[in-house]
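For reference, the structure is listed below as structure tokens.
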């Protein structure tokens, strides 16, 4: 059970968030509020679970505190709802679809020795609140992280946090994952799953070794993005940091993240921003359509298993176990395809006598599909994928405008540092493509794993905010922020007389 320090940390974090928003520019305060909570606060079951209210844990508590701080600290309140109509529709469906799930799951699941209750009105009230709390970070990132400088702030924060976190990571690699037990008084997962390759897979204060490895991967890709986008002597430092993260990632002993690091690293280092966004859009499209592909037996399962077998028999066995459970759980999910089975484990298969759960959900996609159905799946994965598609659309329109200018005889050459005539002259953010790639690979990782984290929502919200900014600039509805000028040095933060008066688009 969590000790007093775990409770105290949760209790004090809203105060930390308040001080961050008082002291820092809003975007940086948002980044460190969510990133710090994710890395430092105790994982579930540590939470404040008040009657008739959603449980407030390391994910939901910071979101609520951020919402309060933004509306009481900032002199200029940000616009909460997105500009794009489709994003608003997906947001509404995401928040409200649990109501339909409740009304279609009123019947209990009855077994010989026990039963699982049906859903009722309290769930129809609590679950939409839960869902709204979940996307607060996404909505705030859309409002507060819109420019290239904001994107650089996010990437730099991920790198700095990764460097700091590598110290306890290396400690757990050497001593075994014990920090959460030593500091907060409990072990957050099965110890047997941390033993890997004659050593240990670290966790620190995250949910599982897979989450820890994915955070290190995120820090590595962020560092490569900074190396690619910045100039001057700092590039050598970023390269050294990236090499260090690569070593730490190997020590995390998670095969999937090593594959992602290789593929995503090559894309970020070698390809243009437009190509990076296209690849990210393809990854998002595969993730969105995965249930259809799985139902139609179009996923090359045997090929994937044979390739995994060639690398490691243990990993192939683990993957086969996940795929077999996916098949069983998808079959059950399709019995209630529109709105799913709801919470309380109703999406699982159970022992007919004892009622104990007999299936395992690893991938986030099958969790969402089973609990909330197609409406919930399209809404949630659509919210995370649509920012990539909107960025791709804006880049395509910019390229078309450039081509039109060229065919009209205008002396103009489109590069990543310019923009077509008729549109405000500004640089294309060098961090846009890498962030899209990071989000695209995160979406793909949600097929075998449930690695939805506050970082996922931060990146998705940042991309959406920038896509909306690009759309407004294209339509002439906004002006170019000083840090977005074609002649701005993206390695330097914009001057701000008062950080709390920063322009919020």
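Keep in mind that glycine also has a Cβ here, set from the backbone N, Cα and C atoms.
In TrEMBL, annotation is done automatically, which means it is predicted and not curated.
As given in TrEMBL:
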TRANSMEM  29-48  transmembrane segment
TRANSMEM  60-77  transmembrane segment
TRANSMEM  89-111  transmembrane segment
TRANSMEM  154-171  transmembrane segment
TRANSMEM  205-227  transmembrane segment
TRANSMEM  239-270  transmembrane segment
TRANSMEM  364-391  transmembrane segment
REGION    476-505  region 'Disordered'
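Here the transmembrane segment (89-111) has Cβ contacts under 8 Å with residues 81-82, 117-121, 123-124, 127-128, 130-132, 135, 336, 338-342, 346, 350-355, 371-373, 375-376, 378-380, 382-383, 386 of the same chain, all six or more residues outside its ends. Within the same chain, residues 84, 86-87, 90-91, 93-94, 97-98, 100-101, 135, 138, 277, 280-281, 284-285, 287-288, 290-291, 325-326, 329-330, 332-333, 336-343, 346-348, 432, 436, 439-440, 443, 446-447, 449-452, 456-457, 460-461, 463-464, 466-468, 470-471 sit at least 6 positions outside the transmembrane segment (364-391) and bring their C-beta atoms closer than 8 Å to a C-beta of that stretch. If one looks beyond the transmembrane segment (154-171) by at least 6 residues along the same chain, the residues whose Cβ comes under 8 Å of a Cβ in the stretch are 28, 31-32, 35-36, 39, 145, 179, 202, 204, 212, 215-216, 218-220, 222-223, 225-226, 238, 241, 244-245, 248, 251-252, 431, 434-435, 455, 458-459, 462.
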